[in-house]
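Some notes on the structure that comes next.
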There are 2 protein chains.
Amino acid sequence: MKLPDPLRLVGRVFPILQWSKTYDLRTAIGDLIAGITVALTLIPQSIAYASLAGFEPQYGLYASLVGGFVYGVMGTCPQINIGPTALLSLLTFTYTNGTNPDFAVLLCIIAGIVQLFAGVAQLGFLVDFVSLPVVSGFTSAAAITIASSQIKGLLGLRFSAETFLSTWKGLFEHIGETRMQDTLLSLACCIVLMGMKALKEIRFKEVRDEKNHRSTRFLQRFLWFAGVSRNAVVVVLAAVLAFMVHEDKGDPLILTGKITPGLPTPEVPTFHTVVGNTTYTAGDMFSHLGSGLLVVPLVGIISNVAIAKAFARGKTLDATQEIIALGACNLVSAFFRSFPVNGSFTRSAVSEASGVRTPAAGFYTGVIVLLTLALLTPYFYFIPRAALAAVIVCAVLHMVDTDILKKLWHTNRLDLIPLLGTFACCLALSIEVGLICGVGIDMLLLLYYNSRPPLDIKYVDDGILPPHYAINLVGSFNFAGAERVRSKVADLKNPNNKVLQAATLETLTIIPEGGTPNGNHGNAVIIGDNVANGNNLGVNVVRSSNVLVMHCDALYRLDYTFLQSVKMLVKEWSQGGRVLWCNASPKVKEQLVNILQEPIFCDSEQLRILLTGAVIEDQQAGNVNDTPL
Amino acid sequence: MKLPDPLRLVGRVFPILQWSKTYDLRTAIGDLIAGITVALTLIPQSIAYASLAGFEPQYGLYASLVGGFVYGVMGTCPQINIGPTALLSLLTFTYTNGTNPDFAVLLCIIAGIVQLFAGVAQLGFLVDFVSLPVVSGFTSAAAITIASSQIKGLLGLRFSAETFLSTWKGLFEHIGETRMQDTLLSLACCIVLMGMKALKEIRFKEVRDEKNHRSTRFLQRFLWFAGVSRNAVVVVLAAVLAFMVHEDKGDPLILTGKITPGLPTPEVPTFHTVVGNTTYTAGDMFSHLGSGLLVVPLVGIISNVAIAKAFARGKTLDATQEIIALGACNLVSAFFRSFPVNGSFTRSAVSEASGVRTPAAGFYTGVIVLLTLALLTPYFYFIPRAALAAVIVCAVLHMVDTDILKKLWHTNRLDLIPLLGTFACCLALSIEVGLICGVGIDMLLLLYYNSRPPLDIKYVDDGILPPHYAINLVGSFNFAGAERVRSKVADLKNPNNKVLQAATLETLTIIPEGGTPNGNHGNAVIIGDNVANGNNLGVNVVRSSNVLVMHCDALYRLDYTFLQSVKMLVKEWSQGGRVLWCNASPKVKEQLVNILQEPIFCDSEQLRILLTGAVIEDQQAGNVNDTPL
């Protein structure tokens, strides 16, 4: 391996150096429109997500500030917008609940460092080890947990709860304290949000007339834009309403209230903080964040890579660079008092639909967030909590994936286990523990798959070679399947051949004699075939043989445990029979020589000779009493 | 499935009903000799292991009392002797350290119940999921931990320590307090033990003379017997010595001291107990034992099945019955105040060498233990601790398996990771945590294996069919390999074919064209072959094709994540090319239909027609500009 060219490396880490070369006005206008549209979604979302994460609204904007700039320089996927997301806000809340923003900022910088490390060390492939059913179960459960946590906001209740179960327990306990005004407002907000979302879907009939066509197109565009900016519209309208009904004593609505105005002061994240009367050292903070220090960056990587893949549309994706860019966003954001940030699927879709061309769109979004922070924060006072809750609930509901249930039922019922298991664990315990449980269930499934390796046992009696058992060893065998393979092969010597009788197609695959894909079955008696057809006649026609031929053409890995199993298998078989190893690769040969006493190797030609010899010897041993040939 | 015949079931659970039918005097004499010989090993070992477990010596004998009887009735392997073992004694110590024997008895009954449950529920297969390298690393680390814990006994030191590291820390701190007499005695004991063990190995020349032959045989037998009874001899001699040098004040040697004499009173294990001033309820006791409630029975099952397999010598082993018998031994033993028991490899080997015939040998061993408990306990007072420590150290040292290192180096270097990982974790943390870490490492290895599924990509240009890429999908594919397979196939369209250039034989297996084991390679240009031979010429001769044929003859399982990967792959490939699915099974077809938009299925004959058509179409699309045929 040669070292990468430094210039190419810089170009790879900062893709802006490449796409900026061809950056022209047309591209810039596309990006500008997309940037502004995304900002209209981002700003109300970020204020809402800040409250989801348990912080004052300005923290959401702090988290939206830097991501666009950093990702603009380092990102590869034009659509992605980095900022607060529902999932990461919920996770942040879980890990920092009852503390202060310093913990969230620490979580953010550590997440950034972990992601950078994962990117540089090319550990992105680890993400592939979390199966889609687990990711789906996790996301759905997170959406339901988030929606549940906002019901109290919708109803104007006030209590603190962390997990799904405690939220619902709290809801039942406090349901009597429901506030009418807040409930009505949130109901109205939800209806407006869903209605405006539906606007996007309206399609006008195509009009041939040029002038009408133009106005239709404009109306279509307007409706689409209204749909995209629905969060901003609802939040502004609700704030105006709240301002109008405002009374100095006892506001009729629960409002966001006084917040710190203006831009965040850039500062190095602090590693010791005071919450109430308790002083936390760096060690205390780390131990409080605990598994979050790994779960938060991991979840960030999983969802970011998933979004990037969705928008890559078949083009090759540089997942490593995506992870590095995400890490850089978190790292830099932490210096502006941000909690952990990530790409958002909703905003990426908005960006895509607005005609984004390059990651430069992030710059324009960032500038608007900057202006909002500098000029608009005083007005946040009047944003009703109910409106924010409505924004969150309407944003996360589409994250619940029910389609996959139907798909899995039709294609892979076994995969319902990790999906439902993860989902149940996430709701019953907490979403981060549920994710870990899901990975555990994946591992158990993997064990199950590996305990049933493809094993092609057949009894060959094709008139060309003397009758013998043949096993086609394909691929890789390891400890999980060792005992099963041994016992299946041992059972060939069992006169009742129970395993073969009971075998299903799944455990006893059939490869046609010769294994050619052209389907030349020869005259082989294929045991599995008879079993698969559900008749037991095959078992009656199976004749026994003392010769077992292991075809190793496509065998490329055996682990030690499997080798020990093979050793026992050969020992069992050697009592009155023999095992031949046909076409083994040098590596497999070396392994077998080290484990077995004098294994018999052969190629296809030698096999023919050996087989004929073996059968003659066997017949003589039976018939002619020890007379040598 | 029909229900098992009740009579056969009883016969299976109580094998004594079968072998007792043919039990004659000759068999009885064999068993009697074996039973007595085993008792001579068992009694001194059990006294020593009791102190290893942290209890008074009589508890070792309590643990030896019942196992022989119960296993005699329910066991299938004549050689196995159930009683205290070094490994389980150490585990018992780990989990019950600082408490009282009530905890050990509770651990014993729970272990029995868990094992019985595992046996009845046929969960024995779970044992196969712990790979041999992990078992080996665990056993070696346990032996070293045990030996280390006895060094203080050898040197006459007194301090308490639990793990390997704390033991050595304690040794360095207390090394100055070494007692000369105890050290000398233990040194002498070790020398005698090793010497007597070596006696067994002495072989006399064969003598033709009948009379001399007899005396030689007698001498040989005597030496062997001396070797086998070495533990008993050493303990008795040391006790006699201690009695002779005994002084009323300040014994020169550390002795076992006063113990409760006589047989244990059979009683139901207690679920609440008092240690010092603390009262423990059942819940407290359970939470104190914690993971031990699963680790102890699991380790018991693993080692017992391993021993049974070793002595089964190729005969089919009823592992389920072995687990049930072991569970019953623990369950019943708990009523006689025993700590967890298990089969011992040493004693089984002694039993085998003494000519054991049936599990009835356990009855004779049990009677001798009974007599010892009834008559000899008062004399245990004088057994020096140093002698017991010497017995343990000499017994466990053979458990350290160094041969496997050499074997793994030559056959499976990858398997050194779980071995050394487990070993290191066992020593650095504690042996039970180390075992769990080992299983975790196994899972990571499994992920690694599965992330590299056997993928046979070839470029077929044999003159019969038009040139195309062919992939032979064999066996089962799941989430772990999904992304890798997708990217490898996507890279076929990459003009530089980097993946193929960089591919090693391991990741890109070669199945000869046609896949026949008879080695008919046809005229295929096999990409892998060129790579395997280390020359890059192959990459130059690779021509591209827009047709990808997936041979599914031997494909039998795809999980949902892999299917999604296939969906993306087909999407990528469909831009100017097509994917054909040849000879897919109905199940795979159903899966593909649910995921892909109109997949093209075919059998071998249709493939030929389709391929020719596709190539013609492609050529026309390129050359004749959209003119339909």
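Just so you know, glycine gets a Cβ as well, placed from its N, Cα and C.
Where the annotation comes from TrEMBL, it is an automatic prediction and has not been curated.
TrEMBL has this to say about the protein:
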- B:30-417: domain 'SLC26A/SulP transporter' (DOMAIN)
- B:32-52: transmembrane segment (TRANSMEM)
- B:59-83: transmembrane segment (TRANSMEM)
- B:103-125: transmembrane segment (TRANSMEM)
- B:132-151: transmembrane segment (TRANSMEM)
- B:222-245: transmembrane segment (TRANSMEM)
- B:289-311: transmembrane segment (TRANSMEM)
- B:323-341: transmembrane segment (TRANSMEM)
- B:361-381: transmembrane segment (TRANSMEM)
- B:416-449: transmembrane segment (TRANSMEM)
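A contact links the transmembrane segment (B:222-245) to the transmembrane segment (B:32-52), because at least 3 Cβ pairs that are 6 or more residues apart lie under 8 A. Sequence-distant contacts of the transmembrane segment (B:32-52) (same chain, six or more residues past either end, CB-CB distance under 8 Å): 58-61, 63-64, 68, 81, 83-86, 89-90, 93, 146, 149-150, 153, 225, 228-229, 231-232, 234-235, 256, 339, 344, 346-347, 350-351, 354-357, 360-365, 367-369, 372, 380, 383, 385, 388-389, 391-392, 395. Listed as Cβ neighbours of the transmembrane segment (B:59-83) (distance under 8 Å, sequence separation of 6 or more from its ends, same chain) are residues 13-16, 31, 35, 38, 42-43, 45-51, 53, 101, 104, 264, 304, 307-308, 311-312, 317-318, 321-322, 324-326, 328-329, 332-333, 335-344, 347-349, 351-352, 356-366, 369-370, 372-373, 377. Taken as a whole, the domain 'SLC26A/SulP transporter' (B:30-417) shows an average pLDDT of 87 in this prediction. Remote same-chain partners of the transmembrane segment (B:416-449), defined as residues 6 or more beyond its termini with a Cβ less than 8 Å from a stretch Cβ, comprise 90-91, 94-95, 129-131, 133-134, 136-138, 140-142, 144-145, 162-165, 291-292, 295, 299, 404-405, 408-409, 480.
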